[in-house]
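Written below as structure tokens is the structure these notes are about.
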Amino acid sequence: MAGNGVFVDIIEGDVFKYYSEGEWKKSASGKSVAIINPTTRKTQYKVQACTQEEVNKVMEVAKTAQKSWAKTPLWKRAELLHKAAAILKEHKAPIAECLVKEIAKPAKDAVTEVVRSGDLVSYTAEEGVRILGEGKFLVSDSFPGNERTKYCLTSKIPLGVILAIPPFNYPVNLAVSKIAPALIAGNSLVLKPPTQGAVACLHMVHCFHLAGFPKGLISCVTGKGSEIGDFLTMHPGVHCISFTGGDTGVAISKKAGMIPLQMELGGKDACIVLEDADLDLAAGSIVKGGFSYSGQRCTAVKVVLVMESVADALVEKVNAKVAKLTVGPPEDDCDITPVVSESSANFIEGLVMDAKQKNATFCQQYKREGNLIWPLLLDNVRPDMRIAWEEPFGPVLPVIRINSVEEGIHHCNASNFGLQGCVFTKDINKAILISDAMETGTVQINSAPARGPDHFPFQGIKDSGIGSQGITNSINMMTKVKTTVINLPTPSYTMG
């Protein structure tokens, strides 16, 4: 159970502590933040409401710890990361339990997230040793007008203190995707977990604590965004921000100042289905891509753009698969579980009601109980409907019928988002042309959008983000280049 066994130190009474200076602490504020169980809609956990003074202290110790950590050999950093990964996977059950109760993630998917996170940490350790152990060597006479009198050596050095802000939907996986690259690169790390998912993150951080990382190197502060959110993102002690979430990231980017930013801010991932597509493959991918974890994924299929000539057949196949989806509590491993909050459910319902008023075709009856929304496919959606453009982050999927590939590409590119897209066709040449034309960070051919595997580059354009993720790219963006030039009195090739 959460807060028991090896995790007993992270809770006192009914409030989970925050992590600073290698210790679990109670906030001087004396206040806590409630975490509501999406299924019961009752308080499940409480976390500390940290103060700005406590944030200042965290930043101070993170700066000091980073200086020593940067001098720690790469192999030693990797060794500790491998140890943390093993501990994380060993204690997957209580962490998964938190995910079930905090964010209504189906039980099996919750376990998968923790195991995947451990694998990510281990892979990052290995990749970091490879890419950070290499540098570049340049000679001056490769540039016109120069003799070989200068040798240039370049290496990658840490940025300093990294601020990591993961989202609610994958709080553990998207936290470690920031933590592990930061640490292997020689940085210190301050984690601000989402409110929903905070307790799972605290358990994960304790696994790093048990692995024996130096005090102050990793910190985790919890609290209200209104009190410490801007204070964290604008803090002069932060040298890089890695954020995954919604349009809050736009505000962060405007306030952050001259530091590197890595941001993934959502998407309206389009699925284009052509006449020659394998409709069974497309239908299966659409249902999995659109309804997994109740559609609460940045890379979920958010709109289907299907050629009119095959639309009826595709919709029929999708509806048949939707009918087989199970609906209920996450403890029962249902396909569709409650969305994360009442406000999210209300937003989704607003999109549905707008589509209803504008005469979209409801392939299923709209049904909602509390935060639980039954899966819904909306056919004959038009561009004047909100659901055609806005990201529902729920189990509602619009279908827009198109008469040409160009029409589908135009709709995709007219979106303010540009995270991922996909195309289903048996013509690889046409698929590549469409991929080049789609204004998205990634295009999947004959598969639904997806973030993984975790070592693949992952990025969005337009309002979907800044920079690129994926293990290698994250390590690189959390470092800077250091150049050392050796100056010779005479060209090196003159001897002999």
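A Cβ is built for glycine as well, from the same backbone N, Cα and C atoms used for every other residue.
The Cβ neighbour count for Glu264 (active site, proton acceptor), using a 10 Å radius over every protein chain in view, is 26. According to Swiss-Prot, the feature active site, proton acceptor maps to Glu264.
According to DSSP, Cys298 (active site, nucleophile) is assigned to coil rather than to any helix or strand. The Cβ of Cys298 (active site, nucleophile) lies under 8 Å from the Cβ of Pro167, Asn169, Thr244, Glu264, Gly266, Gly267, Leu419, Arg451, each of which sits 6+ residues away along the same chain. Residues or ranges marked as active site, nucleophile by Swiss-Prot on the basis of sequence analysis: Cys298.
Here Swiss-Prot flags Lys192, Thr195, Asp230, Glu391 as NADP(+) binding site, drawing on similarity to another entry. The Cβ of Asp230 (NADP(+) binding site) has Lys255 as same-chain neighbours under 8 Å, each 6 or more residues away in sequence.
The Cβ of Gly246 (NAD(+) binding site) has 13 neighbouring Cβ atoms from other residues within 10 Å, across all protein chains displayed. According to Swiss-Prot, the NAD(+) binding site annotation covers Gly245, Gly246, Asp247, Thr248, Gly249, on the basis of similarity to another entry.
Residues annotated as site 'Transition state stabilizer' in Swiss-Prot: Asn169. Reduced to three states, the DSSP call for Asn169 (site 'Transition state stabilizer') is coil.
In sequence order, Val33, Ile35, Val47, Phe168, Thr222, Gly225 are the residues of the chain that are 6 or more apart from Thr195 (NADP(+) binding site) and have a CB within less than 8 Å of its CB. Summary for the binding-site residues Asp247, Glu391: the Cβ-based neighbour count within 10 Å is maximal at Glu391.
Here the Cα atom of Gly245 (NAD(+) binding site) is found 12 Å from that of Lys192 (NADP(+) binding site). Looking at Asp247 (NAD(+) binding site) and Glu391 (NADP(+) binding site), their Cα atoms lie 11 Å from each other.
Each residue contributes its Cα atom, and for Glu391 (NADP(+) binding site) and Gly249 (NAD(+) binding site) these two points are 15 Å apart.
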